[in-house]
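Handing you this structure, nothing more for now.
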Amino acid sequence: MTHISERLLVQAHLAAKQPRVLSEQESAEHRAAIAAELKAQNAVLVAHYYCDPVIQALAEETGGCVSDSLEMARFGNQHPAQTVVVAGVRFMGETAKILNPEKRVLMPTLEATCSLDLGCPVDEFSAFCDQHPERTVVVYANTSAAVKARADWVVTSSCAVEIVEHLMDNGEPILWAPDQHLGRYIQRETGADMLLWDGACIVHEEFKAKQLEDMKALYPDAAILVHPESPESVVALADAVGSTSQLIKAAQTLPNKTFIVATDRGIFYKMQQLCPDKDFIEAPTAGNGAACRSCAHCPWMAMNTLERTLACLREGSGEIFVDPALIPRAVRPLKRMLDFTQAARLRQAGNA
């Protein structure tokens, strides 16, 4: 499998001109205009934790949702709005459309993709699956609609371990894609028989154990929070490992006052909102400035700006379309995930 196209697209994006920074007055004007458009168009704004703080705050202020990809999918599926504006990366918009084909789904830009999605082209992935027909195909949500349509299950990082444990209990060997680091983490946690694709997230793969150990020495009382898309050596240093929502919960419940966080720094908005008396520090990446590709912030998440959000509402640009022939096949593994997690919630409530 090749990652030439992935590397070229990453390099092209990082070399592109970045959006201008709005003044405080311009920012306020854009926020007010977006709120008015959302109301006028019966639309709701859904933002991922990795988006810039101003976008997350706007989603909250306008009655939308700020969450991980699982809750984004659930919220968009259950909300009555006829238009869903997804501030995130393209697979999130596609997921919203698959679950809500009758709704209009907009994104601030269709160029906001994901290195995991780029690194798992459907033709190569389908051939890989065909070579292992005895395996249950489980894919991470960070994949295209076409890859989801080839899968038996879709999972997010917040439910992956539980779903793989369920499949393991049924004696099912698993073919996993695309994130190799998350796949290995699930293997270690469950002992499942898993064959792994070799994709990786450009943000999380940059975290390095040696630099993290050095930072821990500077902050010996800090707890280390790590997303499982990070390399195994980084995960091994963690006090808590989990999805974005699980890391936020850990920040709330652990007694530490300082946290070193190995995930996208966009998550600090929600962590600081919920834990105003605690300090959060970015985990070190492989380099600094021009030496790192992401510097702990997804370059595609950063494309979700106020200007682009307003433009997509006013112009109807950035609309997500999914091949109607794919939707029935792609919705099946997504619904399995949503039904499984809903049943797990009910069981937890019953045991509370």
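In case you wondered, yes, glycine gets a Cβ from its N, Cα and C as well.
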Quick check: of CYS298, CYS312, which does Swiss-Prot put in the same [4Fe-4S] cluster site as CYS114, CYS201?
CYS298
Which residue of SER126, SER157 does Swiss-Prot report at the same iminosuccinate site as HIS48, SER69, TYR140, ALA141, ASN142, HIS227, PRO228, GLU229, THR244?
SER157
Whole-number Å distance between the CA of GLU229 (iminosuccinate binding site) and the CA of CYS298 ([4Fe-4S] cluster binding site)?
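The separation of the Cα atoms works out to 13 Å.
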If you draw a 10 Å sphere around the Cβ of GLU229 (iminosuccinate binding site), how many other Cβ atoms fall inside it, taking every protein chain shown into account?
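The answer is 28 other Cβ atoms.
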I'd like the Cβ neighbour count for CYS201 ([4Fe-4S] cluster binding site), meaning other Cβ atoms within 10 Å of its Cβ, all protein chains included.
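Result for CYS201 ([4Fe-4S] cluster binding site): 25 neighbouring Cβ atoms inside 10 Å.
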Which three-state DSSP class does TYR140 (iminosuccinate binding site) fall into?
strand
Looking at the binding-site residues HIS48, TYR140, ASN142, HIS227, whose Cα is closest in space to that of CYS114 ([4Fe-4S] cluster binding site)?
ASN142
What is the number of other Cβ atoms found within 10 Å of the Cβ of TYR140 (iminosuccinate binding site)?
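Counting Cβ neighbours of TYR140 (iminosuccinate binding site) within 10 Å gives 30.
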